[in-house]
Structures are given as structure tokens and as C-alpha cells.
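Comments concern the structure below.
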Amino acid sequence: MGGPTVDRSAGSIVRIKLENFMKYTNMELRPGPNLNVIVGTNGSGKSSLVCAICLGLCGTPRMVGRASHVGDYIRHGADKALIEIELFNPMDRNNIIERQIFANNKSVWKMNGVVVSLEAVEKKVAELNIQVGNLCQFLPQDRVADFVRMTKQELLDGTEHAVGSTNMLDLHQQLKALQNKHEKLDASLRSQQGILEQDKQKNSQLDEEMKKFQEHRQAQKKVELLGQKLAWIEYDKAREQYHQEKANLREDEKELEAAQQQHQPLRGALQELEKQHLQLLQRDKKLKVEAVDSVKNVESALARVSELTEESSTVKHDLRRKIEEEACHSERIKKYQNDIAELEKEVTASSSQELEDERNQVQKALTSHNEALNVIRQKKRLTESYISDRQREAMSIDHEMKRMKDLSNQRMEILRRRNKGAYEAAMWLQQNENRFRGKIYPPIMTQINVHDPANAKYVEGQIPDKDLMAFVAENAEDLNSFLGLMRDERDLRINGVVAPSTPLESFRPHLPLDQIRKWGFQSYLLDLFTAPPEIMKYLCSLYHVYNVPVGTHDTDKYVEEIKHSGLRRFYTQDQSYNVKVSRYDRSRVSTMSSEVRRPSLLVVSIDVTNLEELTKKREEIVTDISSKSAEIQELLVEENKLAQLMEKCRCDKKRFQSDITRRHQLTTVLEQKRRTLESIQKDSVDLQREHETTKNKLKGICASKMAAISDVIKALQESFRKHRACTEHVFDIEKSNRDKKKAAAQLRDAEASFKALETAVRDKSDRVGGFKLETQRKLKAAEEAIGCQLTARVLPPAIIQEFKKLPKTTDDIERLIHREQVRLNCMLPVDISLEQEYQQRKKFIEQQEKDLASIEAQMITTKEQMENIRSKWLPELEQLLERINAGFVRFFRALGC
């Protein structure tokens, strides 16, 4: 700081306090009243102070030009940040503005320890003329390019807002507004003057056309008037004809009504005859029902005779059947005796007890074999269950191995998205590995397996993406051949490296891990992942992964000690540090830190050791399953032998059981036949008594049959009488039908003459309706021609006066119309739109002349206002520039420039 001491101005910063803001954990700064200069290396936090001033005085992240959200300015690992700025107040105690920033991008504002709204803080900052958004007053590092691109006008506005008075700023704004208004008025004036001149020229060209248009309109009006009178005369004639036809229709309607009254008696007589005929039809229906009932009575009597005849036949048949049965009785007894003798012989041929004993022996053997078979099947089920469990275990291992192999495919998918050329080359290499003498490894990112995915960010932080997507060859000749093939044949540009020949064991860290554990280091990068030896040698040789330790959050506390330990690069939980020693002064050591970015290529890791263990375990399971399957085959052989023995025992048992069942059945049948024989021997028929019984039944049936035949004769006589009465009634119906037809013919003749008269009246009514419609049509045509509503069928007086001047007959009017129409046709055609255009443009010209006079008056007033305001603004601007120049001279002198 230098230069003469000056008093602080109102609103100058007295103190700045930051907590958990960007790189600052807790910091307090007290600027002086003069020029304050802050120096330091890159990344030491100079710009962070500028960001704190902007955000603490109601600025937005857009004004700073860095992060887009205020939550991004919170120090990593903290929940909130605090900005406290103390502003000088010469009249009272200083104003302290405090802003608390939270991770959800929300803020809490306080002023002098009291929570207030953002609007209250903005109002206070505006009162102190603090403008963090004005680049002429507050210029952050990231907004310098915007300042350079500002125009002279923007620089003047910014300067006025920064150090100018409120009155000068208002005058400048008024002056700019008046200038814009004057320019707009001037442009509008020139534009409207051009339009007005064009419209005047167009209307002057149409004057001659308007004269011709007036002549044409007069001739057209006369033709229209003649047409109106012609339409009125035609309507008047049609109305007279309509009234004449209507009077004739009324006379015909009276005649029709008289004819209708004359044929009413004929209709009454016909209705009476129809009523009598209906009564005869009803009587006929009743007689027919009685005749049908008499026929049914005859049929019923005949059916009774048939039933008695059938009953007589049945009695005779029963007697014959009994005689035949008695003849067969002795033969049946002899047959049953023979059957009983055969059955007794077959039953005594075998012993029931012997059959039971043989069946029981077979059952015991069957039970023994079944128990042995159950033991074998139980062993087989246990073995099969064991095999199923082992197969499920193998399937689980297969699923796990497939998942681990899918992780490799995911790595290849990441490679395809990031470098399609490297992906295509890797796929080609899988199919053509045998074309090279040595081993060529696919891109390094597909060969590295990080033990803990959380450590992938350190490996990616140490190895650039370009090398992670590079191929590694054991010898240079193979690499050159491979890269040439990809370039020439497949047009692929890929990276490739040759593994060094240095043994992997030679790469040892400069400091043992036990020596650096006190600073929170847990391991070296080399210990965090696995890879093929050739790739490991390349990474150790080029990126020293064997000599870069990885620590925790605690390691950040020991950075000062670590940078003097000889380590040139190391990692903490979220930061990477590079230690640089000056080549001129070894005691000057500096560190550069950056946040470790999230991994993007090594986000998927494969545990190779676990994969090998799973493969070995699966082979053991397959061997065990094969052994158990052989045991099952042996058990199946024993099971088949026992099953065959059991099947033989079942057949023997079934045979003995069948013999026992048949012996029981024969015994049962023998007893049944003995009982049947006894029953047959007891049954016998007395044929003499049966003959007497049958004779008595036939006598009773014969007497009933004679009575039934007498009933048939009576029913036939009654049926004849009913049918005769029905036939005689048919003649009465025929006579009634002839009388009815005769009366109907007379009524039809009368109605025909009535309908003929009615049709004539209807036709005349239709004709009257036609005359009425024609009269209405001609009235409408006359109204349209005249252009008014003739409600009382009377012409307006003005029209009557015009019609009196015209001819009275239609012929004279038509001749005059023809003559005027010929004269109209001889005139040149006139465009009606031209007349409308002429009148509209005439009105528009008058309005434009008024508008131009108004604009000219406004321009004169605006120019006078501009001159008045400019005379007030320029002196204040010149004073401001002199004051700024004097200030800069004083500042440069204070700096010794």
C-alpha cells in the first residue's frame, strides 16, 4: 500500500470475513482506505476474494462469470458458507452485511445482525452507490473480456452510473430518450410524406375515370327504375288472376259438400247388412263346433268297442300261454338237476385253505421286496436332491461368472462410446491375435482391475485418458505392424505403446509405506489395482504408480510436512498435489492442488482372483455331480431287479386270488340253483280250473261289447242331425253375402262420382296455390327490384312519382329498357372498385395531411427540449471528466509513475 492517506468514503469496505467459502476455511481481511493490492501464486485465492465481495453485496454468479449456482462456492466438505462485509458509515456505526449460502442454493441475509430480505440489502447497497454489476466500478477477472468489448456509449453509461451524480444520469437518460423520439418522428415524417405524394398522384390519374363512372351510373339507374315498374305491373296482374281463381274454388267446394251428404244413407244400409252377415258367421262357427263334437262322440264309442275286442283276445292268449308253460315244466326240472351235479363236482376239486396259504406266502415275499425297493428309492432321492443342490450351486457360480464377464463387456461398451476407433481395433485384435509373434494387449482401461471402485478416480487421475485407451505390445515390431494394418486397411487412428524391458521387481517406492503412514497414507497407487505384467511395467515406468501414495482427509493437514519429504505427487481423499522444487533454490518448494475428478473409464472393476476361485469351485462341483450320477445308475440297476421280482409276486398273488374268488362264486351259484329247483318243483298249474275262469271272463266281455255297439248307433244319429243343420245354415250365409255385395257396389258408384268431384276440387285448389305462389314470387321480385318492403301492397309516394314519368304498358317499358341497355353496352366497362379506391384514398390524404402537421409540431417541441437538457448536461459531464482525470493523475503520482 502506498500514497497519501485519505478519509474513507461512505460504503467503502472496512472488513471482510469468510467461512468455508471456496478455498477459505476461516479468513478475515481488513482493507485500508487507500489502494489495496493482493498478490499471490495461481490458485492461492485472490479471485475468491473478488467473488466474495460480489456475492456478499447482492451480486449473482453470472456477474462473477464462474460457477452458475451459489451453492458451488461452498468449500468442499462443508454444508454452508458465510460472507460478512463491513461497510464504512461516517454518520453512525458501520453497516455489517452477512450472507449465509447453503448447498441447496438458498441464502439467508442479515444486516447488522438482523435477518432481512434480499430487497432490503439491495436497497442499502444502492443507497451507498455500490454497483457490483457495473464493470466500470467492479471488474472481476473473468469479466475483463466483457469490459474490453464495451462500446464508448456503454463505457459512458457505466461511468455515469459509477461516479456521476443522479441529476446528470437523469439528464443523460432524458436526452437519449428525446433523441430516439426525434429520430423516430423524423423517419415517420419522411415516410408519410412519400406516401402522401404517391396517393395524390394516383387520385389525379383517376379524375377522368370518375366522370365516365357518373354517366354510366345514371344510365344504369334508369334501367333499374324501368325494371322496378315492370316488376310491379307483372305483380299487379298476377294478383288479380289469383283472386279470380280463388273465387271459383269456393263455388266448387260448396258443390262437393252437397254430394257428400247425398250418399250417407247408402253407407248406413251397407253397415246394417255387414252386421247381419257377421251374426250369421258367428252362428256358423257354433254349429261347426257342435258337429265336430258329435263326430268325437262317435269315435269314442267305436274306441270302446275296439278295447273290448282287444280284451277278449288277451284272455284267450293267457290261456294258451299257461298250457304251453305247463308242457315245459318237467324239462326245466331235469336241466336244473344236471347243472347242480356239475357245480358240486367242480367245488369239491380244490381246497379253500390251501389257496389261502399259498397267497399269504406270496404276499410276504412281495412285502419284503417292497421294503428293499423303498430303501433303494430313498437313497436315490437323497442322491438326486444332493445333485440338484450342487447343480443350483453350479448355476449360481455360472451366473456370477457371467456377471463378472459382463463387466468386461461394459468396459468395452465404455471404450466404444469414448473411442470408436480403439473399440473396433480391439474387436479385430480378439479375432487375429495369432498374426503376431508376441502378445498385444487391448486398451489399458480394459485390462486394469481396481480392487475398490472408490479408488478408480486416483488411477484415472494419474494416467491420462489417451494412454488408458492405448494398446500395449511386447515388442516394437508387432506394434508397428498392428498400427499399420489399422491405419491402412481399416482407416483407424489409434494409440499404441511398447512395454519396457525393465523387470517389474525393480520398481520400488522411494519411501516405505510404514514411514509415511503417519501422514494418513494407506497405500501406493500400484497396490490399488491389478493388470498384466507388461502393462504394469509401462505404468510404473511412465507414470510412477509405484511411487505415488494415496491418503485420506487427514493427509490434507500434513501437506506442509509432506512437500519436504521428497514425494513429488500424492493424493488425499479428494485432492491431488504436485510438489515442485525450484531448480535455482532447492529450499523453495511449492505445491499445486486440484480436485480429483470422478472416474469415467474405470467405473467397472473385475475381481480376477475371485473369478479364478469360482472356476476352480465349479470344476469340483462338476466332478462331484459325475460321481453321484454313477451311484444313481447303480441304484437304478438294483431298483429294476427288485421291480421285476415284485411284478412276478403280484402275478402269482393275482392268480391265487382269482382261484379263491372263483371257488366262492361257484358255491354261491350252486346254492341259487338248488333254491330255484325247489321253487319250480312246488309250482304247478290246474288246467281245468283255468278253462272255466277264461269262459266266464269272455261272457262278461261280450255283454259289454253289445252295449257299446248300441252307443255307437246313437252317436251316429246325433252327428247326422248336427251336420244337416250346419249345411242348411251355409245357404243363409250365401244369401246375406250377395245382399252385402250389392249394397257395397251401389256405395262404390256413389263414392267414385264423389271422388271425381273431390279430385277436381283438389286440382283447382293446387292451381290456386300455384297462382298464390306465383303472386308471392312476383311480389318478392318487385320488392327486390324496388328495394323496399311492400307490407300494405302499396308503393311509397316517391316511387309512385318516379313511375308516373315512365310508360304505363309492359311493351313500352320493355322497349325502353332494351334501348337504355343498348346505350349502356356501348359505354366502356367501369370498375366499381376504382371509385371505392378513389374515395378511400381521398379520405386517407386528408387524414395524412393532419398527421404530418402534428408530427412537425412534435419535432419542433422535441428539438427545443433536447437543446435545453443538453445545455444542462454537458457542463456536469465536463466537470466529471476533469475530476476523473485529476484522480488518475493523483493515483499514478502516488504509485511513482
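Note: Cβ is positioned from N, Cα and C throughout, glycine not excepted.
Here the structure is a predicted model, which means the values were calculated and not measured.
Ranges compared are 397-424, 593-620, 845-872, and TrEMBL records coiled coil for 845-872.
Remote same-chain partners of the coiled coil (845-872), defined as residues 6 or more beyond its termini with a Cβ less than 8 Å from a stretch Cβ, comprise 171, 174-175, 178-179, 181-182, 185-186, 188-189, 192-193, 195-196, 199-200, 203. Same-chain neighbours of the coiled coil (733-767): 245, 248-249, 252-253, 255-256, 259-260, 262-263, 266-267, 269-270, 273-274, 276-277, 280-281, 284, counting only residues six or more beyond its ends whose CB sits under 8 Å from a CB of the stretch. Along the domain 'Rad50/SbcC-type AAA' (15-216), the predicted structure has mean pLDDT 86.
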